[in-house]
Every structure is written in C-alpha cells, then in structure tokens.
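Engineer: The structure under discussion is supplied below as structure tokens; questions concerning it will follow.
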Amino acid sequence: MTAFLTLIIVLFIAIAIWQMVKIFDLAQVGSSNSQVATEKDNTINAYLMMGFLVFIYAITIASFWYLGDLPLMSNSASEHGPGLDNLMIISMILIFIVQTITQFLLHYFAYKYKGEKGRKALFYADNNTLEAIWTFIPVVVLAALIIWGLFTWTSIMNVEETEDTIVVELYAQQFNWKARYAGEDNTLGMANVRLIDIDRANILGVDESDPNAQDDVITTELHLPVGRPVLFKMRSQDVLHSAYMPHFRAQMNCVPGMITQFGFTPSVTTSDMRQNPDIQEKVANINSIRLGNKEKIEAKGQELLYEFDYLLLCNKICGTSHYNMQMKIIVETQEEYDAWMKEQKLFKDSLTK
Amino acid sequence: MSAHADTHAHDDDHGHHHKETFVTKYIFSQDHKMIAKQYLITGTIMGVIGVLMSIMFRMQIAWPEEPNVLFEALLGKWAPDGVMNADIYLALVTIHGTIMVFFVLTAGLSGTFSNLLIPLQIGARDMASGFLNMVSYWLFFLSSVIMIISLFVEAGPAAAGWTIYPPLSALPMASGGSGMGMTLWLVSMAIFIASSLLGSLNYIVTVINLRTKGMSMTRLPLTIWAFFVTAIIGVVSFPVLLSACLLLIMDRSFGTSFFLSDIFIQGEVLHYQGGSPVLFEHLFWFLGHPEVYIVILPAMGLVSEIITTNSRKPIFGYRAMIMSILAIAFLSTIVWGHHMFISGMNPFLGSVFTFTTLLIAIPSAVKAFNWITTLWKGNIQMNPAMLFSIGFVSTFITGGLTGIILGDSALDINVHDTYFVIAHFHLVMGISALYGMFAGIYHWFPKMFGRMLNKNLGYLHFWVTAICAYGVFFPMHFIGMAGLPRRYYTNSNFPLFDDLTNANVVITLFAIVGGAFQLVYLWNFFVSIFFGKKAEQNPWRSNTLEWTTPVEHIHGNWPGDIPHVYRWSYDYSKPGHDVDFVPQNVPLMDGEEELQH
C-alpha cells in the first residue's frame, strides 16, 4: 500500500515538474531570451532568500519542538553524565547563536544587495583588522571549549580501579552480548578465543585452569548495583562491535585481539528511572504509538506494551543482524544485586563435564 | 618561476587542426576539455545510482519490512516478495557511501573541474601530460565499471560500511558481502586510487609549470589554488589507503595477519594472530579524513569564484582565503584520529586529536566570514550558480558547526556512530560539495558545451533541493541525539525508538521529493547539451581567462597567442573603469595601481 502511495506521489511530482516547465517556457516568451539572471530574477530570488531564512529558523524550531524534548538528552543515569550534558548544552547554545547570526547575515545580504541595473558594487577587497577579529574570536571560544572538553574527557577515560570497583567483562559476538562478572575475588580469569570449547559449554574461552576463573559468573543480562563504580573490560570474538549505553553516556568499541575498557558509576536505579516524569511521559507516548500498531507488533511476536529499561546496543556495523544486537541493563540496589548474583551459576559449575 | 615564457614556442601548432577521428575526439581523447566532460558524465551516472540507493534505504527505514514495488523491481532476489532484506540494506548503505564520496564527489567534482579549469584559467594549451590525463580518466572508468559489476555477484556486494573495517570486511563468513563483492570493491578502489594519483600529479605539474606570462601565484584565481592544494593532499594521503587496501587483500587472500587476531567464528578458531583492526582504522582515516577536504576544497574554490563574479565584487580577503586553504590542508592530515576516539586507542591520543580537530574550525570560520563579507554591498546577480553557492555557504555553516560537538572527544562518546554523525557530514561535505558541483556546472556549462542551461529550471532545481536537503538532514541531528545508531536495518526491535518513527517518515518524504527533483536537473542538463540557447563568449561577464577562449572548443584553447596576464582575477567594479569587470588580460591603464595582495 505504501509502495503504491509512494509511486503515486512520484508520478504527481513528475506531472508537476512537466507542468511547471511549460509555465516557465510560456513566461519566457516576450522577455529577452537570455539565460542570464534579469533584474526580475534578482528580485524574486532575493525574496526567496529571505523566505529560506525563515524556513531554516522554522525547521530549527520545529525540530526542537517535536524532537528536542527527548529524555535521552537529559536524565543521564551515570555520575559523569551531567557534566557531559552540560558541556553538550553549552556547545549547542554556542552553535545556535553562531548559526542564527551567520545564516541571517548570509541571507539578508543576499536579499539586501540584490543586483540592480546601474548600481555598482563597492570595491572592497581587504581588511586586515576584520580578518584578525574573526580569527581571534573563534580562537578564544574554541580554546575554552577544547580545555573544558579535555578535562571532561580525561576525567571520564582515566578510570582508577579502587577496592569498591566491580570488574565486568563485556563479551561481543555476532549477534549478542554476554557479561562476565569477576566473582568473589573481583579478578577476571584469563581468557582467549582459542580456549573456546563449545562441547564443554565454555563459550567465552575462559581458562579452566586459572584459579581466578573458577568463581566467574557469565550472564546474558547486565545487572549493576547503583552508586558503585563499574569497570568494563571489553572483548569481541569475531568482528568489531561497539558497546553503546546511551543512558549512561558510555560507549567503547570491542576489538578482536585486544581488551578495551570503559568505566562509569550508575547513579539511578531502573525502578527510580521508571518513576521519572519525563520517562513516564515518553513511555506513555511510545505505548500510544504501539497501540496504534497493535496488529503488526503482535504479528512479530513482540510484547505490545513497552516498559522502560536501560539498554546496551551494538553501535558498530557487524553484519546481518547488527540491528538487533542488544542486552538489557538493570541498575538496582546493592541488596537486590547481591540476591541476583547468588542465583547465578559459577563458571566452574557451568561447564558440562 | 612565476610565469612560463615558453608557451609562445607552441603557438604554431594550434591553428591547423589535427585530423581527429571519432575515437580520438570523443573516446580516447587527450584534450582536457573533453576529459572533463567524460568525468562529468561518468560522475553523473554514478551519482544517479548512488542517490537511487539512498532513496531505497530511506524507504526501508521509514516503512520497515514492508513490501515495496521499487524494491521488487530493482533488488530481485534480495527483496523476496518486495521486502528488502537486511544484507542488501547494509550493502546499499555501503555502496551509496563509496559511490558518493569517491566516484561522484572526488572524481566527478575534482576530475571535472580541475581538468576543465586548470589549463583554461592559468593560460595553458592543455595539461602537462595529455596522455596521463587520458589514462587517468580511463582508469576511473574501469574502476567505476568494476564497482558496478560488484553489485551483481552471487553473495552480494560489499556490506561492511564504506569504511570497510576488518574483520567484518576480511571474513566472508562474517558477512556475505565480504566474499567476491569485497574483492571487487578493493580492486575497484585500488584502480581508482591509481587514477586519482595520475590526475593529481598532472594538476600539480601543470599549475607549477604552465602558467602564462604574468600569472604569478598571487594572481591565480582561488579555484586554481583549491585544485592545486587538493591535488597535493591527494598525493600525500591516497597512497596510504592503497597500502591499507593491499594489506587487507593479503589478509583476505594470503593468510597474513595485519589486521586480524584471535578470531573465533562459526565454530572454529582462525589462525590469525597479532594483527589489529585499529591499525586499519588509522590507515583508513589517514586518507579518510583528508578525503573530506579533497571533496570540499574544490567546491570551496568554485564557490569563491562564482560568488565574487555574481556579486560583482572582489573576493574579500584573497590572501586570507589562500592562507586558510593552506591551513585546512595542513591540519587535515593530522586530525584523522577524531574518527577513532572510542576505537580503543589510548585516550591521550584522543586529547591530541580533539585539539587539532577544533583548530581546523578557525580557517573554516575565516572562509565563511569572507564569503559573507563578499556579498556585503555587492550587486548580486541571482544566477542559478550563485544560488547554489549561497546554498553552499549556508549548509557548510550548519553542518560545520556541529563538528565542534563531534570533534570534542568527550561529547563524541554519546553521539558517535549515531544519526547525528550522518546529519553532520552529509550537510558539511555531502550536500555542500554537491552544491559546489552544481554551482560549477551551472556556471561553466556554457564553457563546456557552448550552450546555456535553462535558468528557470535551475531556480526550480535549487529551491526544491535546498528545502529538501535541510528537511532530510536537519531533523537527523535530533534523532541522533536521541541515541539512534546508524546502519540499523530496522528500529522495530527497539520500542525505545518508536517515537522517532514519524520523524523518519518525514525525512524519507523529503528525500524522495528531493531525489525526484534531481530529474529536473538531469532533464535540463541533457536537453541543453543539444538544444540549449547558444552561449555568448563571456555570459557572466567574468574576469578569468577561460572566458577569453572561443565558444567552439579548439585543441590548444586559444586560436592566437595565449593571452598575457596583467592583474589578479578579482577586479570587479574597480573604480576608474566604465564596466564592472576587468579581465585579467587587460593591461593596467596609465596611472592605475594594481591592488597589493
């Protein structure tokens, strides 16, 4: 049906073009046959320039109105999140000031100085003071942004492992995620893809002889206790993947042959986030959309109603099912986390003998 | 060094035409004007394919997994019952990127206008080596053909993204497209790079050696400066991509481990050990980032020339414009790491690349301010070329500004590889460079084909394209900030993104309309070649030397002596002259001072 509609739209556009060509050709009879802009062309296009300026402002406002209120832009769920969001907001404000002014000047000048017969342009080729000014201003502004950005970056990336830190391995494969917790000793056992033994259910290639590996725990859901720093050690067994956790402002590639890392401290539990009014509004909105698409969603075997959860997404093209490589993240209290952890099988018990 | 006196020695051979056959004139031509046209037509055909692909995958994003007659007709077995499958979606995305970046905006833009304008604007009879120039085009043609053939192989075309990161691109078992499709992709690119290098060397040699008498470097039009510097960047960076492609071919076919290590796939451990995909990323982006300047600098040159001509005013800050081209060129080779902030490389490197990346905003800002000041108190002639040039400045600013966010390593963490990136680079280098190319075509069409393009169709083409370009890419920033990753076949597995569905439909509608209106341009272009109004010698009343050549193309460009140059190319509306332009070959009047620049 959509395809049919699309085709009809394309057809109408084609007819419209054809008609407009005819109109333009008729309009040209009588005027000089030249294809160079006339004074009339200058005037019409000058007004269109101002119209276009309005369009740019309108689409900016519309985008903010309909899309700018996405809770993902605020409500970060990690301790470094608010600092990053502030930098983002400052950068955005700066961008929109510059954008508004320069687009105005560009289109306004195009309108104001439209060509007229008998007028001569100003012969104005150089002004070193002006050049110096608009070199200097960006230098100062960018220097401030660079310095602020670098402090933020360094504080996020330089993770120090303390006693309190939980070490978790994120393991990527086409097309799913696994998490491996370090267990009681908080030390991950050695691992390498060469040690993978499918028959013994050693799917992550953990070294069975390593004493540190015995109490490791492998899961398909990521549980994190709130307020405790977590350090992810990332591995991939086949191609590049990227562990993207947008709510936590966290992302790092998983690279076969090396271990990458990223650390943060979750600051809001899943259940608290579900109570957040912004999130509730978003969820309600999504559910009303989903109710409208009821048949299609049920045909796919998905649950109809959406409930908020943190997610880990793959964000580096990794093959056919890249679009569905995800893992649920649950942030909970220390007690809930401990209770959940107790239910999990230790690595040494998970092997089939 | 400034001028080349020897050009007069050749003045004898131009007059009598060599007997030219159809083959030497239209196919294996060594004339730079014909080669320019060949580049343009080939680039246009590739562009149509690239844009059509983008419209198909936009339809899939807007109406995921729904049958579509277009898919059924064009994709065949890849769209059973008219539903696009996930593999071909990734392949379309991949080939769209490859074609648009390399075949349209590198070869189609730079190849066309460097070839056309370098000899004509510096006052040379032809390129330094007409033969190499011909070889360069035919290698480009060959690589285009191979790329097209790769679309039809059994297991599908390359589908690892245009950046072809290994191991995905190296292992046929990781992706169907990484078999024969990827082999052809790599062969095609290797040939493309050879073509590009031959072309670039030719441009550099020609600009340095064949300038006419009086054409000092500080009298060169900015177009030539842009082409010259672009060619230098190409020579510096393209060989690195060639080596990356060759190493990848060796990993794929000869069992080496440059980019691969510790891989377990489909139930078996592969033998690779010790390589690193991050190394490939470094090599790729060492070309990949300068590549965006290879794309945008020629467009900047064309736009500078068109804005000054149509404003009837000298370009503002000629010297600053040259300095900023040089600064951009230099910085472009030391910023590649900003594509790799979260690749796993040392975070300290990220800090360094943030610093160099944000520096590049400074010369870019200078250029934008200079263009705007050139408009100020001008007498602006709204020819279609001028509209596209103003549009260029507009999209370049909009797209460039968000570079401040992406270039900042901390902010990149959360928007990396989302639609925010797509929005940014499409506006700043995709749409902008395309506008530069359109501007160039509208402006120099009379020079290329001796006929005029229909201006009203040009206006229609510009305004619809301008609105659709913003309509497509502006909202994408917000979708990206909402966290939607790029290269997802469908978002229906993430209820989280359900509220973006409508925005995606709107974007796709803009894309369809914008794409359809390119037909207006194609119609105008092909019809005007044969039936357009005959052009005058200098329709835009321009100062540069190409407009002193006759409308009918002749081998050697000028029927008599090559004109000498007495002034820079920006004497528009100069006080003391009756007309508002003074071509470069007009000697200074008594007592007239040349502007010190």
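Note that the numbers count up from 1, one per residue, in the order the chain is shown.
The backbone N, Cα and C atoms fix where each Cβ goes, glycine too.
Nobody curates TrEMBL annotations by hand; they come from automatic prediction.
Annotation comment: TrEMBL describes B:22-590 as domain 'Cytochrome oxidase subunit I profile'. TrEMBL lists B:39-61, B:88-118, B:139-165, B:185-210, B:222-250, B:283-304, B:316-336, B:348-373, B:385-407, B:419-445, B:457-485, B:505-531 with the feature transmembrane segment.
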Engineer: Looking at B:39-61, B:348-373, B:385-407, B:419-445, which one has the highest count of Cβ pairs under 8 angstroms to the transmembrane segment (B:505-531)?
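Structural biologist: Between the candidates B:39-61, B:348-373, B:385-407, B:419-445, the best contact partner of the transmembrane segment (B:505-531) is B:39-61.
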Engineer: Is the number of Cβ-Cβ pairs under 8 Å between the transmembrane segment (B:419-445) and the transmembrane segment (B:222-250) three or more, considering only pairs separated by 6 or more positions?
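Structural biologist: Taking Cβ pairs at least 6 residues apart, the transmembrane segment (B:222-250) and the transmembrane segment (B:419-445) are not in contact, as fewer than 3 fall under 8 Å.
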Engineer: Going along the chain, which residues at least six beyond the ends of the transmembrane segment (B:316-336) come within the CB cut-off of under 8 Å?
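Structural biologist: Long-range Cβ neighbours of the transmembrane segment (B:316-336): 218, 222, 225-226, 229-230, 232-233, 236-237, 282, 285-286, 288-290, 292-293, 297, 300-301, 304, 353, 356-357, 359-360, 362-364, 366-367, 370-371, 373-374, 376, 407, 568, 570, 597.
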Engineer: Can we call the transmembrane segment (B:385-407) and the transmembrane segment (B:139-165) in contact, meaning three or more C-beta pairs below 8 angstroms at a sequence separation of 6+?
Structural biologist: no
Engineer: Six or more residues out from either end of the transmembrane segment (B:283-304), which same-chain residues have a Cβ under 8 Å from its Cβ atoms?
Structural biologist: 101, 105-106, 109-110, 113-114, 163-165, 221-227, 229-230, 233-234, 236-238, 240-241, 243-244, 247, 315, 321, 325, 328-329, 332-333, 335-340, 367, 371, 389, 392-393, 396, 425, 428-429, 432-433, 435-437, 439-440, 443
Engineer: Taking contact to mean 3 or more CB pairs closer than 8 A (sequence separation of 6 or more), are the transmembrane segment (B:185-210) and the transmembrane segment (B:139-165) in contact?
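Structural biologist: In contact, yes.
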Engineer: Note the mean pLDDT of the domain 'Cytochrome oxidase subunit I profile' (B:22-590), expressed as a whole number.
Structural biologist: 94
